[in-house]
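Trainee: This structure is in structure tokens; I'll ask about it shortly.
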Amino acid sequence: MRAGGEEQQALLRQVLGWRVAASIAWSVLLLPLCTAVFISISSIDLFHPIQWISNSFNDWYTSYVIFCILLMSVVILIISIFNVEFYAVVPSIPCSRLALLGKIIHPRQVIHSVVHAIMGMLVAWCAAVMTKGKFQFLALPCTASESLDGAVQHMCLNEYHLFLLLSGAFMGYNYSLLYLVNNMNYLPFPIIQQYKYLRFRRSLPLLVKRSCVESLYLVRNVCVAYYFFGYIPRAWISTTMDLNTDSKLHPLDTFTGLLDLSLLYHTWLCGIFLLITWHIAWLLFKIYATEAHHFPVQPTFAEETDQCLPKILNSNPPLIIKFLALQDLMLLSQYSPVRRQEVFSLSQPGGHPHNWTAISKECLNLLSDLTQKLIMQQEAAATNGRVKQPSTGELGRSLSSSEAAVTEEMAFQTQRSNVVSRAHMPSLVKSSLLPLKALSTSDLGSSFGSPFSSPALNRKAGILDLNSPWHGSVQSPHVMRRGPKLWTSSSDLQMNGSHQASFPVISFARVGNEAIQPSFIYTWLQNKQEQVRSFLSKRVLIMYFFSKHPEASIQAVFSDAQMHIWALEGLSRLVAASFTEDRFGVVQTTLPAILNTLLILQEVVDKHFKLPHASSKPPRISGSLMDTSYKTLRFALRASLKTAIYRITTTFGEHLNAVQVSAEHKKRLQQFLEFKE
Amino acid sequence: MIAEFSQVVDWAGCSIRAFAWHPHTSKFAVALLDDSIRVYNTNSATVPILKHRLQRNVASMAWKPLCASILAVACQSCVLVWHLDPTSLSTRPSSGCAQVLAYPGHSPVTSLAWAPSGEMLLSASPVDTAMLVWDVSTENCVPLQWFGGGGVTYLAWSPDGSKVLAATPSAVFRVWEAQMWTCERWPTIKGRCQTGCWSPDGSRLLFTVLGESVIYSLSFSEYSGEMQGQVGGSKTASIVADLSETTFETLYGEERIGGEVHSMVWDPSGERLAALIRGNPETPESRTIVAVFRTRNSPVFELLPCGFLQGEPGAEPQLIAFHPCFKKGALLTVCWSTGRISHIPFFFVSAQFPCFSPSHSPVVALSSSSASVREQPLFSEL
């Protein structure tokens, strides 16, 4: 297990390592350019343009500036390290305000904020030094103290410098806060493939524009904050560094003091500089990290087996690797006939379609996981009284009726629908579904083996079945059908607050092995939680924090839908390509399973969009720098699911009638064939 | 401006402004002068009429491939995407069924193209230098910018999905490859590229240039996914047909035919090419006419004249389109200036792509909106 983990880490390092290095290198290389522009603009002098240009040329080479660039390179490096540490391919969406608050005061985030505030201060210091003029030093000789003995000159605090430093810290903290709130750590994958340079160039104008506007708001906020609280840091610095206050100059925390145009302009420029350099580092990391990676389908050397696509899909790699692998699957299924041929090929000694088996198995697993998740969510919505109960029951019945119709050869399909109808149990049994998943995987393996009808394989599958805790229930539908009833009754009892309800649970648990034991505790905990929540919900303030935003919780369900979209696209394109390219017919054996999974998912997704809380249209997206595509993933999923089914039906056409699927699905397929969905 | 770049001969005056066949079924949409859209279906009598507040100056329409009923409409200020329920019997779908895709600076939209795989929609405007790639379901868009050449007037996605033709208002057009989205630039000598169409396998592009009465051909190397980011076009385009004005002796006297090609369509099997030839405006007796060619793409490209199509006296062809999935040959749809739409079938057995289920019954029966056409004798042996 540990060895596997290390392998995964090595793979992650291998895939992501050079990308991170390249992105950091580029953002550091772009830093002198930004600095040069900053220096020129900050010393702008429209009345003497020639002098201005020659001055700024000279300024670029001063030792101050070079030191500042070095210092800021370190800052960029640290910012990039934070970007790498905090990135996520699946955004975390806080469902209530309390969750958001919890995220803000989470130690990880606090460290993030503090470091960013310090970095902001460093950048502001560099900006102040490079701006020169009245901003350059923190301490200046006092102008007021006309001391008679010139030997002892008093040093006074330069409040402009302090203001700039504090605004830098404020901006850094604000950046960190927005980073969290806007999910800037989320890596959105682009809808079209493009070269990195073009992607960067495309985003650059928007980045500059957004940074300017954001900086403007930040300056306003800094001014307000300084007006009210400015005296605290000023007094503190003055006392610790033993500096006097210059009595001739206006203190800055007054109205007139803050109305200094040059101060505001330079603070604004400093904010722009800070935001642009940091955003560039962030953007470059995003572009590099989401670039398509080419995983080999067939290993050319023995040591490469861990890096080839089927292996990666089937292992449990870091999410980013999984995303990249699925993206590569989608791309190869779309663009590369040569690599598709490798997917359809048979293994050399033995003649097994290992590549296709592994890939399709993983895709189907992903999709049926999503189906289960959605059913569970609908179930939860139904128990909350928003939706009538029969709707889900109907699906279950239809599935069990289809169960009766299928023949022995379709054992795979039967078990699959078992899995789904099992998922109709109340959502309380989440943990007990885990062994089921393992079971479905093993079944899948056996069904893949079956066309080659090797008895050894079948026996092996049988053994696997016996080992699985659900052996009994899968074999006899009797027990299975009784299962849900038991569960609902027990949970009903528990709703009444009686602890005796534990008895039937345990008795059932004995039937189904100990795998269920944790779910009882889970049930009890959830019950308690529910009680506490209902008690607290009567208090308005707490309600404000606890109230779940329906849109957010739906977004949370679909937060990793990008994976499923790619799986759908990759699978459907491969199946469509197999119509002409699959010489050995390896895809045909799994076609019923694929169609079944897609149609069940389609049914569930349709139902999901009919839930009262789900809006049927994506919200308007303003042209912002932040990517909010995760908010609309469910619409993309719905569209690509439909396209995937249509892709298969239009390619195969009438031949689909020969595929063995249940009567209900046949009807559904017919509708797709007639373009009536 | 829309009228200048439209594929319709007289966009401003004709009662039919745009026409679009559904890529998989016998269903089509017609945009009319009053900015309404009617959707006709051979299998149902209901004709939904689509109206929307933003549906002004419809310049182009396109049905989403691999989908039952999603229609994208290029309007004055935005792209409207109608989600129609194919089983619904309502004749006036509410404007809530329409998705509005708008982008600042991107109007009027004059051309649309769906990716043949149905995932993306391209939209173009003659005033916007960027063409937009839309992910319609999430309403995200990526602007594909280039500098020089002005906006984009006409888009054509090759049927295999690998390349896109984008014509500009200046004497240059571009061919994008649709994987990494890089482009190749083709300067033309005389004028802007007026229209273009792709062979079914995406290996050949036929295009015409404003001010010249010839058809150019441009061949592309065989597409395979291994060459990323290369368009792979040949160095020069060759002239494959000269359509300058000639005189024909017919039963009704002398007829002068020929001129610039206004729009051009290639049937999905690659066997027939129809070109809408606009007569010389100086000579009053020359008129707009549809010329049909027999074509073959492999092993060598062949273009043979097949015949002309003319309508009733006084009717001029305005817009032509081929049915995308006509099993028994090719079906050309012509919209006339009188407001009629006629469907002209060509029956043949394709040599390159023989049907998987050949010959159901050789019945001609596809003339959904009534049309009486006087056809020139058309022979399509083979």
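Each position is counted from 1, following the chain as shown.
Cβ from N, Cα, C; glycine included.
Per TrEMBL, the features are:
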{"type": "TRANSMEM", "residues": "A:20-44", "note": "transmembrane segment"}
{"type": "TRANSMEM", "residues": "A:64-90", "note": "transmembrane segment"}
{"type": "TRANSMEM", "residues": "A:110-130", "note": "transmembrane segment"}
{"type": "TRANSMEM", "residues": "A:160-181", "note": "transmembrane segment"}
{"type": "TRANSMEM", "residues": "A:217-237", "note": "transmembrane segment"}
{"type": "TRANSMEM", "residues": "A:263-285", "note": "transmembrane segment"}
Trainee: How about long-range neighbours of the transmembrane segment (A:64-90): same chain, 6 or more residues beyond its ends, C-beta under 8 Å?
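Mentor: Residues 20, 23-24, 27-28, 31-32, 35, 39, 112, 115-116, 119, 122-123, 126, 129-130, 179, 185-187, 277-278, 281-282, 285, 289, 319-320, 323, 559-560, 562 contact the transmembrane segment (A:64-90) from elsewhere in the chain.
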Trainee: Could you check whether the transmembrane segment (A:20-44) and the transmembrane segment (A:263-285) come into contact, where contact means at least 3 Cβ pairs under 8 Å with the two residues of each pair 6 or more apart in sequence?
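Mentor: Between the transmembrane segment (A:263-285) and the transmembrane segment (A:20-44), which are separate recorded stretches, there is contact, as judged by 3 or more close Cβ pairs.
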Trainee: By a Cβ-Cβ criterion of under 8 Å, what residues six or more beyond either terminus of the transmembrane segment (A:217-237) are in contact with it?
Mentor: 138, 157, 159, 162-163, 166-167, 170-171, 174, 243, 245, 251-255, 258, 264, 267-268, 271
Trainee: What same-chain residues lie close to the transmembrane segment (A:263-285): Cβ under 8 Å, and 6 or more beyond its ends?
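Mentor: Beyond its ends, the transmembrane segment (A:263-285) has Cβ neighbours at 20, 23-24, 26-27, 30-31, 34, 38, 41-42, 72, 76, 79-80, 83-84, 87, 120, 123-124, 127-128, 131, 135, 160, 163-164, 167-168, 171-172, 175, 184, 200, 203, 207-208, 210-212, 214-216, 218-219, 222-223, 252, 625.
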